Amino acid sequence: MTHNDLLNIAGEYGSPVYVYDADKIISQYNRLTGAFSNVSNLRLNYAVKALSNISILKLLKTLGSCLDTVSIQEVKLGIIAGFEPHRIIYTPNGVSLEEIEEVAKLGVQINIDNLSILEQFGSKHPSIPVCIRINPHVMAGGNSNISVGHIDSKFGISIHQIPHLLRIVDNTKMRVNGIHMHTGSDILDIEVFLYAAEILFDTAKQFKDLEFVDFGSGFKVPYKPGDIETNIEELGEKLSARFNEFCTDYGKELTLAFEPGKFLVSEAGSFLAKVNVVKQTTSTVFAGIDSGFNHLIRPMFYNSYHQIENISNPEGRERFYSVVGYICETDTFGNNRRIAEINEGDILRFKNSGAYCFTMTSNYNSRYRPAEVLWYNGKAQLIRKRETFDDLLRNQVEADLEVFSEVAKTDKKKRNIEVATT
Ligand SMILES: Cc1ncc(COP(=O)(O)O)c(C=O)c1O
């Protein structure tokens, strides 16, 4: 996609707008399957939470992807996008037994991450096979918010609780058909990944009815030129060999599963926003855009880095800017960034805006969520309309203030009488 393609999209659909390049999603999908081509049964469960637009799900379906979901709503989106329930895995954390049962009824693969629910689910539904999420107690991930496999993490069943887990499985006669881990996002060091995988293999040996081993995700993608990323090809070579060896020892050809989100969609996404104001202060030059953390919260939420380009003036002289939003709290997208000279009205592009960007948007400050556009086969297609004022009002129910004011009047009278008599 060229800068002109992006500018045309901002011109046609307005700003701010999210744009996704289908070719990048396709090439990342093929890169990952290619890296694991030595494994006979590979299953990629795309993590819906990263970007849940139905058209993106459908695109991934055409590539052969399955889905990883964390809520019954994500499951339903997947089904609407055409995924058969058995091609969806559901990995919730801290949800009710009722929701898990509802998802199981749909025929979706359940993944359980705590002993309490495991015992209740197994007692009630011993014939429904479940996958178990293990916490291998490995510190992996780009920062503490996205590291989920360590000792203090709320995710997964501790490897130290395996004896208890096995007792539950034995007592309830439930069938465990999968074993799973997900240790965090932005894992750079493949040795850490392989170390955690060994713990998973060790655990897996203790379950006799396995069909798959799911290694979660967490592959790091580059955020700026020269940035290091997870070496998928090396990981593929090493983990495939180790997985095949494990299957031989286990005596059965199992499926190797992953659930990538960021790896598949992060780099495919661009967020485009218009500069409303260039404001010179005593200490910096602010470029204030027509957006804020209501549309892209990752920089403020967990310090994530999004490269910012001025696509209206890409050849302009570079200057230093702080790019900020229009929200009534500090919402800095990038501090002291070297960007081609910015003029009011220019369109800025925030790269790596495919994963955890639109899905984290809100209506804060009563702003509309932006439109989403898919660039596919050299053409732009609108895949979500920008919200309108009706969307802000849709679920609001007006209170009957007549009743309130009557109550208020009576209260006041009562208080006055009380005040008068004391
Ligand atoms: C259980 C689980 N699987 C997969 C993912 C996707 O991770 P990533 O986007 O790093 O690929 C996440 C992300 O939070 C997750 O919690």
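Backbone N, Cα and C atoms are what each Cβ position is placed from, and that goes for glycine too.
Residues ARG298, TYR302, GLU329 are recorded by TrEMBL as substrate binders, and the candidate that the same record lists for that site, out of TYR321, TYR356, is TYR356. With the fewest other Cβ atoms inside 10 Å of its Cβ, the least crowded of the binding-site residues TYR302, TYR356 in this structure is TYR302. All chains included, 10 other C-beta atoms sit within 10 angstroms of the C-beta of GLU329 (substrate binding site). Among the binding-site residues GLY218, ARG298, TYR302, the residues whose Cβ lies under 6 Å from any atom of ligand 1 are, in sequence order, GLY218.
GLY218 (pyridoxal 5'-phosphate binding site) is 33 Å away from CYS328 (active site, proton donor) when you measure Cα to Cα. Looking only at Cα atoms, GLY218 (pyridoxal 5'-phosphate binding site) sits nearest to LYS49 among the recorded positions LYS49, ARG298, TYR302, GLU329.
When averaged over the domain 'Orn/DAP/Arg decarboxylase 2 C-terminal' (18-354), pLDDT in the model lands at 93. In the structure as shown, the Cβ atom of CYS328 (active site, proton donor) sits within 10 Å of 9 other Cβ atoms.
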